[in-house]
Amino acid sequence: MCRRESLRTLPWLFWVLLSCPRLLEYSSSSFPFATADIAEKMWAENYETTSPAPVLVAEGEQVTIPCTVMTHSWPMVSIRARFCRSHDGSDELILDAVKGHRLMNGLQYRLPYATWNFSQLHLGQIFSLTFNVSTDTAGMYECVLRNYSHGLIMQRFVILTQLETLSRPDEPCCTPALGRYSLGDQIWSPTPWRLRNHDCGMYRGFQRNYFYIGRADAEDCWKPACPDEEPDRCWTVIQRYRLPGDCYRSQPHPPKFLPVTPAPPADIDTGMSPWATRGIAAFLGFWSIFTVCFLCYLCYLQCCGHWCPTPGRGRRGGEGYRRLPTYDSYPGVKKMKR
């Protein structure tokens with residue numbers, strides 16, 4: 001009976017062994033073991049130069065977070081999001097860097113209809129996140145190479161739907177000048193001609209003005225709600241970029257006025273290029289050094305001609321030469337051969 005029972009259980013054991021890789025794959029995709037908490041965060045050397053300036057877009061507009069990385073040895077890649085109007089921690093979409101399948105999607109609650117894509121290239125990888133932006137989903141999105149405890153942040157994309165400025169009550173409302181491209185240090189928008197603003201009350205004696213990009217279907221009727229008075233989480237990044245137009249942006253503390261420092265003296269305009277000026281200076285320096293050396297050589301010749309004695313000078317004639325040897329008899333042939 002024992003042998004028969006063991007024979008009956010062999011097919012079941014064989015089936016379990018064959019299905020183990022599938023179970024492991026299913027468990028890794030459905031119940032991920034990776035977490036969104038990164039113990040050690042590092043930034044790439046070209047992190048600031050490759051990160052574009054913050055962009056101001058309209059609510060409901062579709063945006064894509066493109067992440068492009070070169071060939072690496074990290075086991076996972078991710079898109080890490082920190083939302084401007086949320087006090088919670090960061091959420092993260094984690095993908096396997098080898099196969100490209102999803103390990104964890106912490107953005108599914110904030111972005112339920114978002115789609116992601118992963119492409120493996122010969123020299124690198126491209127992974128992206130596409131969603132419709134809103135006030136709740138505006139924030140900072142970072143491209144990260146990571147493992148279970150460490151992460152290397154490669155790029156940062158800042159998506160904004162509203163931009164807060166302050167103006168004095170007795171001054172007209174300022175209009176910020178938005179850029180047209182993502183390069184540089186100026187906040188930009190792909191549609192700056194649709195810029196609108198609305199009043200959101202007072203803040204520390206200043207008039208709160210919120211600028212937004214109007215919708216194409218209802219630019220004059222629709223207005224977003226005024227946010228809280230507290231500065232958002234994106235302010236630490238936004239304040240690094242320029243916003244021309246004589247506008248005061250909100251700050252967590254009153255601004256500190258620095259003393260005026262004297263301006264450096266202006267350069268004298270010679271009408272010549274700097275390379276021509278350097279060439280003339282080098283030419284004059286060379287000839288000045290050559291002239292000094294030549295004068296020193298002439299002085300040496302003149303001084304030595306009068307003060308330095310030469311061989312044979314100042315002696316009686318003939319005493320300066322060696323006398324020829326004298327022989328009593330001419331040497332024979334045998335002596336010559338020696």
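Cβ atoms here come from the backbone N, Cα and C positions, even for glycine.
What you see is a predicted model, and the numbers here were worked out from it, not measured in a lab.
Listed in Swiss-Prot:
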CARBOHYD  N117  N-linked glycosylation site
CARBOHYD  N132  N-linked glycosylation site
CARBOHYD  N147  N-linked glycosylation site
SIGNAL    1-25  signal peptide
TOPO_DOM  37-278  topological domain 'Extracellular'
TOPO_DOM  300-338  topological domain 'Cytoplasmic'
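All features noted in Swiss-Prot, drawn onto the structure.
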| residue | record | contacts (Cβ under 8 Å, 6+ apart) |
| --- | --- | --- |
| N117 | N-linked glycosylation site | I126, F127, S128, T130 |
| N132 | N-linked glycosylation site | G60, E61, Q62, V63, Y113 |
| N147 | N-linked glycosylation site | W74, P75, M76 |
Assigned conformation of N117 (N-linked glycosylation site) - DSSP reduced to three states: strand
Helix, strand or coil at N147 (N-linked glycosylation site) [DSSP, three-state]: coil
